[in-house]
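These features come from TrEMBL:
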{"type": "ACT_SITE", "residues": "Asp228", "note": "active site, proton donor"}
{"type": "BINDING", "residues": "Arg49, Gly50, Ala51, Arg86, Gln187, Asn238, Lys239", "note": "substrate binding site"}
{"type": "SITE", "residues": "Cys148", "note": "site 'Transition state stabilizer'"}
Amino acid sequence: MQDLLSTALRYEKNTLYILDQTLLPHEMKWLECSDVDAMVEVIQSLRTRGAPLIGIACSVLVAHLAEQGMDKPQLAHAIEVLRASRPTAVNLMNNLQEMSAALASENYHQQLVKTAEKLFFEDISLCQQMAENGAKLLKNCHNLLTHCNTGSLATVGMGTALSVIQQAYKNNENIHVYVDETRPLLQGGRLTAWELSELNIPNTIICDNMAASLMAKGQVDAILVGADRIAVNGDFANKIGTYNLAVLADYHDIPFYVVAPYTTIDVDCLSGENIPVEQRDGDEVRGVKGSFGQVLWSPEGAKVYNPAFDVTPAKLVTGWVLDTGVFEAEDIKAGKLVKH
Ligand code: MRU
């Protein structure tokens, strides 16, 4: 397989490396990831994360294992285990479905490599297309608000919602971004604030519960978020706290956009009720850990509710920004989301 280089994944000289995002922004540590167990560990611990990125990381690993000489049944088993590593982001299942189709062919070793390379380079252009489609919506916007991390740490390209923000900044330098810190794992405060600062895009971190007061003061012109799975009716799952923002946006009459590539659409999922939501370990809420160490601030063993995602109903979405264009509620009702 050829070398594949991105911000958070590198396939170089036949070795797959994953950037440990739990240590960012203070420490850059690359982990060699050469088997299924290692990949499942980095995905479940969120060392690597983001809907498009985990799908591509698993596809690259499967192609690598094929090159290492794994046979068909072993590769089928690897795909099955990787598919189950996280339940919500459908890019993982969609990408691995393409890898399974490649595995079904006679010359499956070459086809798996070809498919993984295709998925990698396709994601880069999908990000660019979302950026161009979405930036047109932000012509008169100054203050944007975003949630979680949707940039080059969550994809192999520029990102989803963050690609749109980057493009808007390129087109109109008067952009400033409020970054939800995104409790419990702080993907906003640690990763998005870092990415935006590296790009010289002005940004301000807020605690998640500060968004409402900013909106009430008229300080948010548009909200952009990513998605982990979009149902056919336009409902979508994204990082926990996204639904809060959608409700607030509706109340304050602020445009609320979801930005995702076609690989995030689940053509078999009719509505948000059918999206499986990952439940995570309570310790993530009882305290915090990262490059700065580990702290427990709650009573030990305190009862915790910790869903990783929530589901936002389509009726709260102003526009779905995909690589194929910008869709509105009527387009979704007409089934256009899946017709491309
Ligand atoms: O748990 P994470 O960090 O993988 O969650 C990521 C998100 O919720 C993103 O917003 C989503 O993957 C879409 S953007 C690439």
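Cβ atoms here come from the backbone N, Cα and C positions, even for glycine.
Calculated from their C-alpha atoms, the gap between Arg49 (substrate binding site) and Cys148 (site 'Transition state stabilizer') amounts to 11 Å. Listed binding-site residues: Ala51, Arg86, Gln187, Asn238. Those with a CB atom under 6 Å from ligand 1: Ala51, Gln187, Asn238. The subset of recorded positions (Arg86, Cys148, Gln187, Asn238, Lys239) lying with their Cα within 10 Å of the Cα of the residue listed as 'active site, proton donor' consists of Asn238, Lys239, given in sequence order. Secondary structure from DSSP puts Gly50 (substrate binding site) in coil. Same-chain residues at least 6 positions away in sequence with a Cβ under 8 Å from that of Lys239 (substrate binding site) are, in sequence order, His147, Cys148, Thr182, Gln187, Val225, Gly226, Asp228, Ala308, Phe309, Asp310.
Between the farthest pair of Cα atoms in the substrate binding residues (Arg49, Gly50, Ala51, Arg86, Gln187, Asn238, Lys239), the distance is 17 Å.
Take the CB of Asn238 (substrate binding site) and look out to 10 A: across all protein chains shown you find 31 other CB atoms. Around the Cβ of Ala51 (substrate binding site), 28 further Cβ atoms fall within 10 Å across all displayed protein chains. Secondary structure from DSSP puts Cys148 (site 'Transition state stabilizer') in coil. Classification of Gln187 (substrate binding site) by DSSP places it within a helix. There are 29 other Cβ atoms within 10 Å of the Cβ belonging to Cys148 (site 'Transition state stabilizer').
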